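One structure below.
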């Protein structure tokens, strides 16, 4: 057998030995690169998949490969861009099924024991599912390379609450689909079982509910409401940072739900380690489960999003117009869809077909970068400091610790790109560094942007925060 046949058969064996969401999320997109000298090399599409396989699936992989090959091998996982998903393997039925390979379909019945009826709770909307937007479903979410892992993780959580990744922490810039994914989890879970208790709120709503409960002397009712649910979905959790009372209450809410085997899903515009003034005990808990970044959509994904939006609006939009928008609007999904809406409205008001010329006219103010907000050096230092969780004084200083080098080089890049500061002036802002050092840092970021997707996402997110939603 060649490597493709070996891996095809191995995956079929693995389907009987691990949970389906684990298989779909972590193993389906891998490939067997080579088998030689008792060493099997497996290619993973990204760092996260590689780490999860090494942490959780090495023994079962060795065993499955040994069964297929007829001899035992060691396994090494590498990152490989050439890891196409094979044709769906047929699960191999073992002659003597082991009890450990059977996975019972989870039931939500256990979640509802001793939980009060929602309409008996005095705080907030009594119908918790009513806050979920029915349009936010997995089927309406456009999946691309920038969000594939986040989508798979959310699907796993929706299918098997508290059994896959708990908590699940999504982070990324504004308008990238985090809210869509959070609400898709709730809608999917409720479609499977209308009796499941799902609560989707923003961190601001959580804070306001707590304040109102304290004012009305209803803190016990507040705790009953938030601690007797099956799936808690909280958007923009970064806003509880610096609010001691809210963090204290959420800490105990988190512990109660997690200890009871309930699912918690959080979203933020930055990873836990970069949320300044977040209590360490909360930060560590947010890192217990899986942390996934939702990146800015690539060109292919932007094109697919625009096509889907055009079909939803039932408006004929040519491929030329879609390509024009996809190439020029690169910041986020929200702005992308908003620009298409604007172009269509402009065409309707002027009673003209949707053409590239019409799109260019409708978006003239957005595409004219000269009309963007003027960014200052202080703006850049502030946003980079918050994004990476590094104090501004450390970035400006002379220290050379590893955790400061990248943020400092990003500052050099943004100051060079977004302001009129000279290399000498940038060096003065960074502790009196020589202009050649600044040029080296700028060139380093420029070169890395061609191959480092995470760095590209960082720069785009920073520009979004510097300019608002109309970042380039």
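One-based numbering along the chain as shown.
Note: Cβ is positioned from N, Cα and C throughout, glycine not excepted.
Over in Swiss-Prot, the protein carries these features:
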REGION    1-80  region 'Domain I, interacts with DnaA modulators'
REGION    80-130  region 'Domain II'
REGION    131-347  region 'Domain III, AAA+ region'
BINDING   175, 177, 178, 179  ATP binding site
REGION    348-472  region 'Domain IV, binds dsDNA'
Going by C-beta under 8 A and a gap of 6 or more residues, the same-chain neighbours of residue 178 (ATP binding site) are 150, 170, 171, 172, 235, 267, 294
Confidence over the region 'Domain I, interacts with DnaA modulators' (1-80), expressed as mean pLDDT on the 0 to 100 scale, is 84
Looking at the binding-site residues 175, 177, the one with the fewest other Cβ atoms inside 10 Å is 175
The correct DSSP tally for the region 'Domain I, interacts with DnaA modulators' (1-80) reads 42 helix, 18 strand, 20 coil
Long-range Cβ list for residue 179 (ATP binding site), cut-off under 8 Å, min separation 6+ in sequence, same chain only, gives 136, 235, 267
Apart from the site residues 175, 177, 178, 179, the 8 Å Cβ neighbourhood of the ATP centroid comprises 172, 174, 176, 180, 181, 267, 294, 332, 333, 334
Its residues classified by DSSP, the region 'Domain IV, binds dsDNA' (348-472) shows 86 helix, 0 strand, 39 coil
